[in-house]
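Below, the features straight out of TrEMBL:
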BINDING   8, 86, 166, 167, 168, 169, 197, 217, 218  substrate binding site
BINDING   33, 35, 86, 195  divalent metal cation binding site
ACT_SITE  35  active site, proton acceptor
ACT_SITE  195  active site, proton donor
(Lines of atoms letter the chains of each structure in order from A and count residues from 1; the text may use other names and numbers.)
(Lines give C-alpha, C1' and ligand atoms only; values in the text may rest on other atoms or scores of the structure.)
Protein backbone atom coordinates (compact mmCIF):
# COMPACT_ATOMS: atom_id res chain seq x y z
CA UNK A 1 0.00 0.00 0.00
CA UNK A 2 1.13 3.55 -0.71
CA UNK A 3 2.54 5.57 2.15
CA UNK A 4 0.25 8.36 3.32
CA UNK A 5 1.69 10.83 5.82
CA UNK A 6 -0.94 12.83 7.70
CA UNK A 7 0.27 15.57 10.03
CA UNK A 8 -2.18 16.00 12.91
CA UNK A 9 -3.56 19.52 12.87
CA UNK A 10 -4.17 19.14 16.59
CA UNK A 11 -0.51 20.11 17.01
CA UNK A 12 -0.69 23.12 14.69
CA UNK A 13 -1.08 26.80 15.51
CA UNK A 14 -4.87 27.10 15.57
CA UNK A 15 -4.71 30.86 15.07
CA UNK A 16 -3.09 30.24 11.67
CA UNK A 17 -4.74 26.99 10.62
CA UNK A 18 -4.87 27.69 6.88
CA UNK A 19 -1.22 28.69 6.66
CA UNK A 20 -0.23 25.71 8.82
CA UNK A 21 -2.10 23.38 6.45
CA UNK A 22 -0.38 24.94 3.44
CA UNK A 23 3.00 24.59 5.18
CA UNK A 24 2.45 20.89 5.83
CA UNK A 25 1.50 20.27 2.22
CA UNK A 26 4.61 22.12 1.03
CA UNK A 27 6.60 19.87 3.34
CA UNK A 28 5.25 16.78 1.61
CA UNK A 29 2.16 15.76 3.57
CA UNK A 30 -0.38 13.59 1.75
CA UNK A 31 -3.32 14.15 4.10
CA UNK A 32 -4.24 16.52 6.91
CA UNK A 33 -5.49 14.69 10.00
CA UNK A 34 -8.35 16.37 11.84
CA UNK A 35 -9.24 15.19 15.37
CA UNK A 36 -12.84 15.89 16.34
CA UNK A 37 -13.12 15.61 20.12
CA UNK A 38 -13.02 17.66 23.30
CA UNK A 39 -9.58 19.22 23.75
CA UNK A 40 -7.56 22.35 24.42
CA UNK A 41 -8.50 24.38 21.35
CA UNK A 42 -10.30 26.93 23.56
CA UNK A 43 -7.08 27.92 25.28
CA UNK A 44 -5.11 27.96 22.03
CA UNK A 45 -7.65 30.18 20.29
CA UNK A 46 -8.26 32.60 23.14
CA UNK A 47 -4.53 33.23 23.48
CA UNK A 48 -4.63 34.69 19.97
CA UNK A 49 -8.12 36.17 19.68
CA UNK A 50 -10.55 38.17 21.76
CA UNK A 51 -13.42 35.97 20.59
CA UNK A 52 -13.88 32.52 19.04
CA UNK A 53 -16.76 30.53 17.65
CA UNK A 54 -16.40 26.93 18.79
CA UNK A 55 -18.28 23.79 17.80
CA UNK A 56 -19.00 21.75 20.94
CA UNK A 57 -19.40 18.00 20.61
CA UNK A 58 -20.26 15.41 23.27
CA UNK A 59 -18.20 14.89 26.43
CA UNK A 60 -18.87 11.17 26.72
CA UNK A 61 -16.19 9.56 24.53
CA UNK A 62 -13.12 11.64 25.40
CA UNK A 63 -12.88 14.46 27.96
CA UNK A 64 -11.73 17.33 25.75
CA UNK A 65 -12.85 19.70 22.98
CA UNK A 66 -11.19 20.28 19.62
CA UNK A 67 -11.97 20.80 15.91
CA UNK A 68 -15.62 20.78 14.83
CA UNK A 69 -17.50 21.14 11.55
CA UNK A 70 -17.18 24.97 11.41
CA UNK A 71 -13.39 24.73 11.59
CA UNK A 72 -13.31 22.08 8.86
CA UNK A 73 -15.58 24.22 6.71
CA UNK A 74 -13.33 27.24 7.18
CA UNK A 75 -10.19 25.26 6.37
CA UNK A 76 -11.77 23.69 3.29
CA UNK A 77 -12.08 27.16 1.77
CA UNK A 78 -8.28 27.40 1.78
CA UNK A 79 -7.17 23.93 0.71
CA UNK A 80 -8.02 21.07 -1.61
CA UNK A 81 -6.13 18.61 0.60
CA UNK A 82 -7.56 15.31 1.77
CA UNK A 83 -9.05 16.05 5.20
CA UNK A 84 -8.74 12.85 7.23
CA UNK A 85 -11.34 13.32 9.97
CA UNK A 86 -11.20 11.15 13.09
CA UNK A 87 -14.35 11.43 15.19
CA UNK A 88 -14.06 10.62 18.87
CA UNK A 89 -17.73 11.15 19.69
CA UNK A 90 -20.44 9.01 21.24
CA UNK A 91 -22.95 9.13 18.38
CA UNK A 92 -20.99 9.39 15.11
CA UNK A 93 -24.14 8.89 13.04
CA UNK A 94 -25.30 12.34 14.15
CA UNK A 95 -22.27 14.00 12.57
CA UNK A 96 -22.11 12.43 9.11
CA UNK A 97 -24.07 15.14 7.33
CA UNK A 98 -22.50 18.13 9.13
CA UNK A 99 -18.96 16.84 8.62
CA UNK A 100 -19.64 15.99 4.97
CA UNK A 101 -21.18 19.41 4.34
CA UNK A 102 -18.14 21.01 5.95
CA UNK A 103 -15.89 19.37 3.34
CA UNK A 104 -14.36 16.30 4.99
CA UNK A 105 -12.74 13.71 2.73
CA UNK A 106 -12.60 10.79 5.14
CA UNK A 107 -14.81 9.99 8.13
CA UNK A 108 -13.29 7.61 10.69
CA UNK A 109 -15.51 6.58 13.60
CA UNK A 110 -14.78 4.42 16.64
CA UNK A 111 -15.92 0.82 16.71
CA UNK A 112 -16.59 1.25 20.44
CA UNK A 113 -19.20 3.93 19.69
CA UNK A 114 -20.98 2.18 16.83
CA UNK A 115 -21.74 -1.39 17.89
CA UNK A 116 -25.45 -1.06 17.09
CA UNK A 117 -25.45 0.94 13.87
CA UNK A 118 -22.12 0.58 12.04
CA UNK A 119 -23.67 -0.80 8.85
CA UNK A 120 -26.00 2.18 8.52
CA UNK A 121 -23.14 4.48 9.48
CA UNK A 122 -20.83 3.18 6.74
CA UNK A 123 -23.55 3.43 4.12
CA UNK A 124 -24.39 6.98 5.11
CA UNK A 125 -20.73 8.03 5.09
CA UNK A 126 -20.35 6.72 1.54
CA UNK A 127 -23.65 8.26 0.44
CA UNK A 128 -22.32 11.62 1.58
CA UNK A 129 -19.20 11.28 -0.54
CA UNK A 130 -16.69 10.46 2.18
CA UNK A 131 -14.33 7.53 2.64
CA UNK A 132 -15.29 5.43 5.69
CA UNK A 133 -12.78 4.29 8.27
CA UNK A 134 -13.01 2.68 11.69
CA UNK A 135 -10.77 3.37 14.69
CA UNK A 136 -10.01 1.12 17.62
CA UNK A 137 -8.84 2.08 21.11
CA UNK A 138 -5.89 0.28 22.76
CA UNK A 139 -8.01 -1.86 25.08
CA UNK A 140 -10.38 -3.10 22.37
CA UNK A 141 -9.61 -6.48 20.73
CA UNK A 142 -8.71 -6.15 17.06
CA UNK A 143 -11.24 -8.84 16.16
CA UNK A 144 -14.02 -6.30 16.71
CA UNK A 145 -13.17 -4.50 13.47
CA UNK A 146 -13.05 -7.60 11.25
CA UNK A 147 -16.80 -7.60 10.47
CA UNK A 148 -16.56 -3.96 9.39
CA UNK A 149 -13.79 -4.77 6.92
CA UNK A 150 -15.46 -7.90 5.55
CA UNK A 151 -19.05 -6.69 5.23
CA UNK A 152 -20.63 -5.90 1.87
CA UNK A 153 -20.71 -2.28 3.00
CA UNK A 154 -17.20 -2.11 4.41
CA UNK A 155 -14.78 0.44 5.77
CA UNK A 156 -11.78 1.33 3.61
CA UNK A 157 -9.33 2.03 6.43
CA UNK A 158 -8.66 0.87 9.98
CA UNK A 159 -7.06 3.29 12.44
CA UNK A 160 -5.17 1.58 15.26
CA UNK A 161 -4.74 4.02 18.14
CA UNK A 162 -1.21 3.76 19.51
CA UNK A 163 -2.09 5.99 22.48
CA UNK A 164 -5.27 6.46 24.47
CA UNK A 165 -7.46 8.85 22.46
CA UNK A 166 -8.12 12.27 23.91
CA UNK A 167 -4.79 14.05 24.24
CA UNK A 168 -1.83 14.91 22.02
CA UNK A 169 1.81 14.30 22.93
CA UNK A 170 1.42 10.85 24.51
CA UNK A 171 4.01 8.08 24.31
CA UNK A 172 3.76 5.46 21.58
CA UNK A 173 2.46 2.06 22.72
CA UNK A 174 4.55 -0.58 20.89
CA UNK A 175 2.28 -3.40 22.07
CA UNK A 176 -0.35 -2.10 19.63
CA UNK A 177 1.81 -3.34 16.76
CA UNK A 178 0.37 -6.83 17.23
CA UNK A 179 -2.96 -5.41 16.08
CA UNK A 180 -1.35 -3.87 13.02
CA UNK A 181 0.38 -7.15 12.12
CA UNK A 182 -2.87 -9.07 12.49
CA UNK A 183 -4.65 -6.64 10.18
CA UNK A 184 -1.90 -6.63 7.56
CA UNK A 185 -1.68 -10.42 7.51
CA UNK A 186 -5.44 -10.75 7.18
CA UNK A 187 -6.03 -7.86 4.76
CA UNK A 188 -2.93 -7.28 2.59
CA UNK A 189 -4.43 -4.39 0.60
CA UNK A 190 -6.14 -2.53 3.47
CA UNK A 191 -5.14 1.00 4.42
CA UNK A 192 -3.93 0.74 8.03
CA UNK A 193 -3.44 3.97 9.92
CA UNK A 194 -1.63 4.50 13.22
CA UNK A 195 -2.05 7.53 15.43
CA UNK A 196 -0.22 8.48 18.61
CA UNK A 197 3.45 8.99 19.42
CA UNK A 198 4.64 8.50 15.85
CA UNK A 199 7.93 10.05 14.86
CA UNK A 200 11.44 9.15 13.66
CA UNK A 201 12.12 7.02 16.75
CA UNK A 202 8.95 4.91 16.45
CA UNK A 203 8.11 4.83 12.75
CA UNK A 204 10.15 1.72 11.96
CA UNK A 205 8.12 -0.34 14.44
CA UNK A 206 4.85 0.80 12.89
CA UNK A 207 6.02 0.46 9.30
CA UNK A 208 7.50 -3.00 9.77
CA UNK A 209 4.24 -4.14 11.39
CA UNK A 210 2.36 -3.09 8.26
CA UNK A 211 1.04 0.44 8.85
CA UNK A 212 1.02 2.62 5.73
CA UNK A 213 -0.99 5.68 6.87
CA UNK A 214 0.94 7.61 9.50
CA UNK A 215 -0.51 10.32 11.70
CA UNK A 216 2.15 12.47 13.36
CA UNK A 217 1.59 15.58 15.42
CA UNK A 218 4.24 17.04 17.68
CA UNK A 219 7.06 15.16 15.94
CA UNK A 220 6.26 17.08 12.75
CA UNK A 221 5.01 20.44 13.97
CA UNK A 222 7.65 20.65 16.68
CA UNK A 223 10.55 19.79 14.40
CA UNK A 224 13.04 22.36 13.09
CA UNK A 225 12.61 20.74 9.66
CA UNK A 226 9.11 19.23 9.27
CA UNK A 227 9.82 18.24 5.67
CA UNK A 228 12.71 16.06 6.81
CA UNK A 229 10.52 14.32 9.39
CA UNK A 230 7.78 13.68 6.82
CA UNK A 231 10.39 12.31 4.43
CA UNK A 232 11.76 10.01 7.15
CA UNK A 233 8.28 8.66 7.91
CA UNK A 234 7.58 8.04 4.23
CA UNK A 235 10.89 6.29 3.57
CA UNK A 236 10.34 3.95 6.50
CA UNK A 237 6.93 2.88 5.17
CA UNK A 238 8.30 2.47 1.66
CA UNK A 239 11.31 0.44 2.84
CA UNK A 240 9.10 -1.85 4.90
CA UNK A 241 6.79 -2.40 1.93
CA UNK A 242 9.75 -3.27 -0.30
CA UNK A 243 11.04 -5.83 2.19
CA UNK A 244 7.61 -7.41 2.42
CA UNK A 245 7.30 -7.72 -1.36
CA UNK A 246 10.71 -9.35 -1.77
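Glycine residues also receive a Cβ, built from the backbone N, Cα and C atoms like all the rest.
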Calculate the distance in Å between the alpha carbons (Cα) of residue 35 (divalent metal cation binding site) and residue 197 (substrate binding site), and round it to a whole number.
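Checking the Cα atoms of residue 35 (divalent metal cation binding site) and residue 197 (substrate binding site) gives a distance of 15 Å.
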Which are the residues of the chain, 33, 35, 86, 195 excluded, whose CB is within 8 A of where the CB atoms of the divalent metal cation site average out, their centroid?
6, 8, 10, 34, 84, 85, 108, 159, 215
To the nearest whole angstrom, state the Cα distance for the pair residue 197 (substrate binding site) and residue 86 (divalent metal cation binding site).
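Their Cα atoms are separated by 16 Å.
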I need the least crowded one of these binding-site residues (8, 218), counting other C-beta atoms within 10 angstroms of each C-beta.
218
For residue 33 (divalent metal cation binding site), list the number of other Cβ atoms lying within 10 Å of its Cβ atom.
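If we count other Cβ atoms within 10 Å of residue 33 (divalent metal cation binding site), we arrive at 29.
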Can you tell me the CA-to-CA distance separating residue 195 (divalent metal cation binding site) and residue 218 (substrate binding site), as a whole number of Å?
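Cα-Cα, rounded: 12 Å.
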